[in-house]
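As C-alpha cells, the structure follows; a few thoughts come after it.
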C-alpha cells in the first residue's frame, strides 16, 4: 500500500494554507491566510473561489458539520465551523456566507471540532480554555481552563470524553464531572496534534520531539516512531481506523494502525499543517505551508486467497494473478475502488457507486448492483453470502447480488463497526453492542431478525473481538470471543432457552481466526502460536481440551503479530513491523473434522493410527462422544490411556434402555441437569435418584424420593453409610425428619 500524490505546478493560494475539509468524496474546501476559501472539484479538476474572507479573519481550523448520524441523514444545511486568530469561530455556509460569528477565546482559536452527531462544537484556544457550544453557537460550558495554549483537541468515540494537549502531556477529560481524568506525559517536546479514532478507539499524537505515537484510550503506549527529521505538524486517522497519515516539513507518511509505515513521500510542500481524509477513506488532502493543497490516493492495496493474489494498481484498476499458472487478469471499474474482500471463491469490490461480485472461476463477467451510499467501510464474507457496512447500516447480500436482509437494533452506529466487532457465518451475524460492550447480539442473515428469542449473549467483561465458526449445521454454531482480560471463551449461539454455557479455552490471547473449511481455531497466545484442533470438546469433555491443542514457539514472529486469515492449512500473520509471515498447520486435523462431519469413523480411526499423534486421538475421542459413537470413542480414549473413561463408556453400553444410555452420556459431558430430566421423563425414577446419590447431591436425591413417594429409605441408607464412613453425625434437619418417619413406619409394621 502506498500514497499516489498529486500537486499543481503553481499554488492556487498566495499564502500558507491552514486547513482543508471534504464536503463529498470528490469536493474539498481549503482556507488560507490569503483570506480565500477555495473549492476543489476532483472529478473535473476545477478550482474555484467560494468567498474572500474579511481581512481581519485569518483561518486556523475547519470542520464540516457531520452529514450522517447512525442511519439518519442530518437535516441541517451544509455548514462548517471555521476558527480564526481573532478569538472567534464562524459558522459558514457551503456558499461561503458567514451565518454567525461568535467571540469564543482570548487570542487565536486553535481548534474547532463537531462531535459525531453534530449536537456540540468543541473549541480550544490560545488562552488555555476548552469550551463546548451548541450547534447554533450558544456557550454550554467551559470544560478546561489551563495556563498554556491547547494546540489540539479530539472527541472520544462516544462524544462523552475529550482529549486535549497540555504542553508535553495528553489529557482525557470526561464530560461527566465526577469521572476520573486520565493524564500522562506523551512527548519530550510540545504536543502539536492529536486525533482519536471512533472505530478502533486508538489515539494518535505528534509533537515537536519529531515523533508520532499511538496510544490506547487508557494512555498506554502502543507504538512510538523513530525521531523524524522535522516536528510532526499534522496527523489524521482514516475513517475506518485501519491506517493514518502523518505530515511534517516536505513529508507525508502513510502508516498502519499499529504504527509501522507503509509509505513515505517527500513532496515539495513546506510544512503540512492540516490533513483530512475523504469520508470513504481512499483520498487524503493536506494544507501546505507554501500555498499548495496536496492530494494523495491510497493505491497498491493487496489481497490474497489460496492461489490468487490481487493488487489495486490504480484507483479504478485491479490486477488478478493466479500463482499456479501465472495467468493475469486486469479488472477495470467505472468508479474509484473503496473497499474489497477476497474469500470463499469470490471477490467483492465496492466502488463509490456500485458493488461488483466476481467468481474466481470467471473474472470476465462480474455481477454488478448499485449501492445506496458510497462509503462502504467494511466487507465480511461467508460461504453463502456477504455483509456490507456503510455509514447508514448493515446489509447482507447473496453472491447473486440479491439483498437478503438489513439487521437493525437500538442504538446502532454502523459508522464505527469494525471487523473485530462483527462476525458473519452462513446462518448468523454476531455484533458487539457499542452501548454495552459486554453484550453480543445475534441476527439471522436471511431475515435480519434477532436469533435466540431475541436474547443477546451477555459476558461478564467487555468484549474486544468476536468470531463465528464457519462450518457445521446451524444449531451447532459456536462463537469465540476475546474479552478485556485477553481471555478466550467459546459458547453456542443457540441455547434453546437455557442459560448459555460460556467456557474459557485460553488466556493471554491477542488475536484469533477460524479456519475457512473446518471448525479449527488459531490464536496468538502470549508468546506462542496456538491451534485449538477441536475447541468444541470443551462442551463434551473439558479435560481433553489441553490434549487437543497444537502449539508453535512464537520466537519466529516479531513483536505483536496479528492473524489476518487461516485458509486451508496456511495461517497469514502480520508482524509488528508490518511484514507478512506465514505459518502452516498440519492437515490431519482438517481431515479428521471432514470424516467426523460425514460419520466416517473407520476412516478417522485409520487416520489417527497412521498419524500416531496423541492430539488427534484426543480430538477423535471428543468428536465420537459428541456424535454418540461409543465404539469409536472407546478406542480413541484407550489410545490416549484414559482407562476410567473407557470403563464408563462400557458401563453406558450395558445400560438396558436408550434413555438410560443417553442420560449417562449427558452425565459424561457434565450435563447433570439434562441427564436427570431425561431419566425422569422416561419414568426411570430410581436411576435419577441413584445418579444424585452418586454425585452426593443428597438434598436433590431426597427431594426426588419424597416427591415420587419411592426409595426414601434407600436414600437414607446411603446417606447413613456415607456419614458412617467419615465418622460424622446427621445434622441436616430434613434427613433427621424423614429418618424418624421411616423408623416409626418400621416400628408400626413390627407391632
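Note that Cβ sites are derived from N, Cα and C of the backbone, with glycine treated the same way.
The repeat 'WD' annotation in TrEMBL covers 102-134 (among others). When Cβ-Cβ distances below 8 Å are used as the criterion, the repeat 'WD' (102-134) is approached by residues 60-66, 69-70, 74, 76, 81-91, 140-155, 157-159, 162, 164, 175, 198, 415 of the same chain, each at least six residues removed from its ends.
Helix, strand and coil residue tallies for the repeat 'WD' (184-216), in that order: 0 helix, 17 strand, 16 coil [DSSP]. Residues or ranges marked as repeat 'WD' in TrEMBL: 184-216 (among others).
What TrEMBL records for 300-588 is domain 'IFT80 second beta-propeller'.
With DSSP states grouped into helix (H, G, I), strand (E, B) and coil, the domain 'IFT80/172/WDR35 TPR' (616-742) comes out at 97 helix, 0 strand, 30 coil. TrEMBL lists 616-742 with the feature domain 'IFT80/172/WDR35 TPR'.
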Same-chain residues at least 6 beyond the ends of the repeat 'WD' (184-216) whose Cβ lies under 8 Å from its Cβ atoms: 116, 151-158, 163-170, 222-237, 239-242, 244, 246, 248, 255, 257-259, 377, 415-418
Helix, strand and coil residues within the repeat 'WD' (102-134) as assigned by DSSP: 0 helix, 20 strand, 13 coil
Integer mean pLDDT for the domain 'IFT80 second beta-propeller' (300-588): 89
